[in-house]
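Chemist: Before I ask anything, here is the structure I am working with.
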């Protein structure tokens, strides 16, 4: 009897308690056998060996047909091999396909006690136990065998411990899985809340966009009648333009016919003899044209009568043809070189607020300055002594322009009005009201009967001085119209706008004839050269462009930025272009050589610049309320 390894003290105490209470058989025999096999215990078994008799051995008979030795191989080794193979085949055939079930025999009580005593080293107790145990067996007391099997407590404990460990591992895994699931749940809840909030925000934005869309639809619907009226007006104006062009062609033909008739009449008066023949020949030649000319004359008279009855009898008439431009007689290249060596000569503080405009009287050495202090002043040159001060506007002045005769002055203001002043008396003789926002610029027509103005309300207006009303409103710009000017001695207008375009208009019809594109920023000013061949414009980033007015194409672009160009002006020869810049510098551009000269003298922004009639003196106004003279 022997034991493989020792037992723990706790197991011994459990065993002693079980023996003291009387052991009873319990547990499943198969589970106990598995536990004992896992423990590796040894068993004590009594075996009686009897001597076997060879006479009682039963030999297996092998049939001759199943055991035969081939010819030529009748030796002992072959015979033994054949016999073994035959026996193996028979055993395989007789073997059952179903494996026998495993039967575990539990450890008997006496073997268990003996193993326990040996492990504990209790040899004397073991001797006493064995003596008494075998003595009882010899006496025939066999009731002890019927007690039954004692369950293997140690094996059960080990199994329970293993199961407990496995359960703890499973519990740990489940806790980890639960923690991970909790984290995932929190993350999913946060994402759910985020997406819910995002969804609510999107729903609110969608509802807002829907409301805005509805408002825009209503807004656009309110514009449809206006657009329809404008389209009708546009078509009407186009028809009127076509009729006007046809009538103009007819009038030109009539004038040419009259001129030829006058020439023939003059020839007839100079030669009295053949006067009758000439008259008869003229009558024969003009016989087909006579009724036509007569009909045209009658139609014109009827149209004039209808116009007088239908319109305002005080309305002025635009000149039919372009008037001769006296500046065209000036030589293209002046014999004297252009002047660029201007130096600051005098500084006159005339206004308390920035100077917005200075302008020269057309025929005399008189200068007018306008300021944001709501005043305009007439200055006598060259000392710039104040001759007259005018006031009447309720807001800052933006621009001024002399009547072609020089006896009247037009001023534009931030109070949305244009006023006409009598320079002899210094009184306001007329006020034009119609713009909805500040008026930026004004200009006189060469005939002196019309004043044009441009405004922050994206429109320009043409005012009739005689009828004292607005004759036409020019629509087309999409932003503030910053400047306006009449082409010299014609009915053509030039406007510059914050929508980065220049527009050319027919003042008689109010139709935009052409738009010029090229500036990338708001255009602050645009002006014709004295001969009317070029246009100069400057924008809010200091870029100055020259345009060919005859071809309506850009000539050159000059970047003098980044300070804005506030105003541009030509000298009387048209060779020098001056630009007043936002950094206080006056730039002089030589149009012949392309050189740029700078005049430094303004401490702050330079708002306006103008040349004297002879080009020897330059006047500039700045944001400090001063007018400076350069010579």
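Cβ from N, Cα, C; glycine included.
Residues or ranges marked as coiled coil in Swiss-Prot (evidence: sequence analysis): 152-267. Annotated region 'Disordered' per Swiss-Prot: 266-332, in sequence order. Here Swiss-Prot flags 277-287, 295-304 as compositional bias 'Basic and acidic residues'. The repeat 'WD 1' feature in Swiss-Prot is assigned to 350-389. The repeat 'WD 2' annotation in Swiss-Prot covers 392-431. Under the heading repeat 'WD 3', Swiss-Prot lists 434-473. Annotation comment: Swiss-Prot describes 476-515 as repeat 'WD 4'. As annotated by Swiss-Prot, repeat 'WD 5' applies to 518-557. The annotation repeat 'WD 6' is assigned in Swiss-Prot to 560-600. Positions annotated as repeat 'WD 7' by Swiss-Prot: 601-630.
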Chemist: If we skip the immediate neighbours and take only residues 6+ beyond the ends of the repeat 'WD 7' (601-630), which ones have a Cβ under 8 Å from one of its Cβ atoms?
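Modeler: Result: 338-339, 342-360, 365, 367, 369, 371, 373, 379, 381-382, 384, 566-573, 576, 578-586.
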Chemist: Could you pull out which residues elsewhere in the chain have a CB under 8 Å from any CB of the repeat 'WD 4' (476-515), counting only those six or more residues past its ends?
Modeler: 237-238, 240-241, 244, 318-319, 322-325, 327, 440-446, 450, 452-460, 462, 521-528, 530-532, 535, 537, 539, 547, 549, 552
Chemist: Take every residue in the coiled coil (152-267), average their pLDDT values, and give the whole-number result.
Modeler: 88
